[in-house]
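K.L.:
Take this structure, written in structure tokens, and hold onto it; I'll ask about it next.
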Amino acid sequence: MRTEKLFFCILLVFFFCLEFNRGQNNGKTLVDVGVVTDVDTSHSKVVMLCINMSISDFYSSNPQFETRLVVNVGDSKSDVVGAAIAALDLIKNKQVKAILGPWTSMQAHFLIEIGQKSRVPIVSYSATSPILTSLRSPYFLRATYEDSFQVQPIKAIIKLFGWREVVPVYIDNTFGEGIMPRLTDALQDINVRIPYRSVIAINATDHEISVELLKMMNMPTRVFLVHMYYDLASRFFIKAKELGLMEPGYVWILTNGVIDDLSLINETAVEAMEGVLGIKTYIPKSPDLEKFRSRWRSLFPRVELSVYGLWAYDATTALAVAIEEAGTNNMTFSKVVDTGRNVSELEALGLSQFGPKLLQTLLTVQFRGLAGEFRFFRGQLQPSVFEIVNIINTGEKSIGFWKEGNGLVKKLDQQASSISALSTWKDHLKHIVWPGEADSVPKGWQIPTKGKKLRIGVPKRTGYTDLVKVTRDPITNSTVVTGFCIDFFEAVIRELPYDVSYEFIPFEKPDGKTAGNYNDLVYQVYLGRYDAVVGDTTILVNRSSYVDFTFPFIKSGVGLIVEMTDPVKRDYILFMKPLSWKLWLTSFISFFLVGCTVWVLEYKRNPDFSGPPRFQASTICWFAFSTMVFAPRERVFSFWARALVIAWYFLVLVLTQSYTASLASLLTSQKLNPTITSMSSLLEKGETVGYQRTSFILGKLKERGFPQSSLVPFDTAEECDELLSKGPKKGGVSGAFLEIPYLRLFLGQFCNTYKMVEEPFNVDGFGFVFPIGSPLVADVSRAILKVAESPKAMELERAWFKKKEQSCPDPITNPDPNPSFTSRQLDIDSFLFLFVGVLLVCVMALGNFTYCFLAKDQVSYLDKVEMSPCSSSQQMPVKRKTQLNMSQVHDQDSL
């Protein structure tokens, strides 16, 4: 150690003497600049070497410049006040034109005020706190990256892996606190909670660190973001590994405050950090950088070059360029005029006449430095790329990059457009080794195995205990909770990728009665008395304002059930009810129309339709009506009469078969129709209705306009059946409102006399309740989907939603035993086409007959009767034909 210090001092003296002699021999203008640093630290060693190498390299490359920087070192002694004293001394006694440094953000906070008062630019290469930016001092320039820039890559990593909670761990000073406002805003953008902030004192003992780590161990959150100095981080992670916080399941993310100084951390501490992700300042490769690194390794093989050294190198170069461009005129300080009053030492410094001009030239300096593009934008450098590293064994491994505009990518030349929207984290980053040498991505949240069990509230029900039932074991006096909701929850817990310990706590009073309604039960989660609620808890918007629900594990809604009545009155005229009166009337008219038409076509040449008028009238009726039951004895001979009879036979066949089927249905089947068809009819009539006690339905009914006096609560299915069977006239209700799962259970027991007629309210279903922001919500919701898509869900439904009355259908396959239907009479519209067809045949037959009848030539008419389709006599035997012709002639003569 003493050898390194001696070597360091020799180098400083060497560079100082070299530059001083060069300035004197060449007649150059010497310009004093100050460096405020912690001389006895490793950082200071690297920084001072880089500053002097920068001066040497710059003037060697630019021997024509008229100015030469002379470095004056002020030792801050690792103290805020020491930094202020060193700066005052440099300005007052050395009249430095600018100050490089200081090292920490706290020291820079004081120096900014000094630089503002004296107009001396302060150029820092290591103060990264965003708080310094808020001071808005034009004389403070940051030749480094502000910490808030790395918030975006941190946000991208957390979003990529889907972690829902993050605990920041930061040092208790300006450096640690500065990043928090930006970090909080960034995490809120992606709905990530910060349940706790772990603040570590800068001089914390190992015991104090252990106490804080134990707090973190007992939290469910497993994602931690560490923002502190490298020396404190080394002790922190050694303790974390000792206490078991570097095991599988944990996630640690380090900011560049630690990663950039990883080479300064001892090997034991780096081994303890294995599996940690880190944000590292990206230094682009360049030929100048490679040459500088090679020269550094040859000159100082035992000293590790840091990014702060590169920034100090570039800051010194920028200062040399700016001083040369600003010129050498008016480099004095104006003294404060003594008016006889006491003047503070800060006021006694005077004002730099060179400072404003130097500041303007510094803001315009732009060049390609060792650390990348050097250009001040709003007083600081602007990064566009950060490197993502994974600590493995005793070193770091690059696993990707964060690029502004592209996000996380494996390679710098990779474009965001080349990554699919359905990509996984492996498309954005290379392989990661997590703490405990785990390969799978940690969930980021876990119930502490050494912590307490989850306190899960369950409702105390008196009815519909198939869903949730709370009993006491008479032997052990322990609480036994069963039911569909409980079994489904336990199946979901088994699907989680981690163990969850829990206990069911009934929501009841000391006397065993329920302690309130479901709103009261849900509110207990908001108050922190329960960690969750499991049961038949409906997902409602007003409840979601203070708790989080999982995905529904069973569909729900509110159904209206009413009593069913048989609309068919079984009396002595029941046989008339299958057909409507219109169809009856149309059928009778059709009978007479067909009979009369056949008579008109046949009576002149068919003896079966001739005779006395009374005989002919009876024949017409007999022929028309007998076709319903058997073929009539009368034969028809004309073509059109036969066509009409065929059409009529087909109509009668269809009509009689339909009548028979409808009458059989009326005589053998009991068709139940609801007494009420909708909720609006209940409101219009002012009927009394029932609802489930302790449910949200009461509020919904009041919103729809039901007065409190018309609402009757019930608890059990038996109470609901009693109220509906009594009816409103006997103190009962006209209808009852139940949620669909309860309704299925009710109809599985009382299916023969009740029916659901409407679903007036839609709700999401039953869900499990957790506190707002609980990471369990996402995991449990995914597990619900797994169970719902597996045969286990159907097994649970069959086990609990089973019929209790053997005559009832299965409530799973047929939840509504009386599906909606309209028992209607057969009407004319069902046979309209057939009736129209028969009518058309009648019209055509009568038209043809009229045409033949109106023929003037009787002989021609008789010939036509014999030869035309009006007669089918050609088909008759000759003897029979002669008899018919003689009869026709006789009849014609009588006309």
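Cβ coordinates come from backbone N, Cα and C, glycine included.
In case it's useful when we look at the structure, here is the feature table from Swiss-Prot:
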CARBOHYD  ASN52  N-linked glycosylation site
CARBOHYD  ASN203  N-linked glycosylation site
CARBOHYD  ASN266  N-linked glycosylation site
CARBOHYD  ASN330  N-linked glycosylation site
CARBOHYD  ASN342  N-linked glycosylation site
CARBOHYD  ASN477  N-linked glycosylation site
CARBOHYD  ASN542  N-linked glycosylation site
REGION    873-895  region 'Disordered'
SIGNAL    1-23  signal peptide
TOPO_DOM  24-582  topological domain 'Extracellular'
TOPO_DOM  604-610  topological domain 'Cytoplasmic'
TOPO_DOM  632-635  topological domain 'Cytoplasmic'
TOPO_DOM  657-830  topological domain 'Extracellular'
TOPO_DOM  852-895  topological domain 'Cytoplasmic'
TRANSMEM  583-603  transmembrane segment
TRANSMEM  611-631  transmembrane segment
TRANSMEM  636-656  transmembrane segment
TRANSMEM  831-851  transmembrane segment
K.L.:
Reported as an integer number of Å, what is the Cα distance between ASN52 (N-linked glycosylation site) and ASN542 (N-linked glycosylation site)?
P.N.:
68
K.L.:
How long is the line from the C-alpha of ASN203 (N-linked glycosylation site) to the C-alpha of ASN542 (N-linked glycosylation site), rounded to the nearest angstrom?
P.N.:
48
K.L.:
Are there residues at least 6 beyond the ends of the transmembrane segment (831-851) whose Cβ is under 8 Å from a Cβ of it, and what are they?
P.N.:
583, 586, 590, 593-594, 597, 600-601, 640-641, 643-644, 647-648, 650-651, 654-655, 658, 869-870
K.L.:
On the 0 to 100 pLDDT scale, where does the topological domain 'Cytoplasmic' (852-895) sit on average?
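P.N.:
Its mean pLDDT is 45.
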K.L.:
Write down the Cα-Cα distance for ASN266 (N-linked glycosylation site) and ASN477 (N-linked glycosylation site), rounded and given in Å.
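P.N.:
On Cα coordinates alone, these residues lie 58 Å apart.
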K.L.:
So if I draw a 10 Å sphere around the Cβ of ASN330 (N-linked glycosylation site), how many other Cβ atoms end up inside it?
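P.N.:
Here the count is 11.
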K.L.:
Round to the nearest Å and give the CA-to-CA distance linking ASN330 (N-linked glycosylation site) with ASN266 (N-linked glycosylation site).
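P.N.:
Computed Cα spacing between ASN330 (N-linked glycosylation site) and ASN266 (N-linked glycosylation site) is 50 Å.
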K.L.:
Within its own chain, what residues at least 6 apart in sequence put their Cβ under 8 Å from the Cβ of ASN542 (N-linked glycosylation site), listed in sequence order?
P.N.:
none
K.L.:
Can you count the other CB atoms that lie within 10 A of the CB of ASN52 (N-linked glycosylation site)?
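P.N.:
A 10 Å sphere around the Cβ of ASN52 (N-linked glycosylation site) contains 23 other Cβ atoms.
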K.L.:
At a 10 Å cut-off from the C-beta of ASN477 (N-linked glycosylation site), count the other C-beta atoms across all protein chains.
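P.N.:
Cβ-Cβ neighbours of ASN477 (N-linked glycosylation site) within 10 Å number 7.
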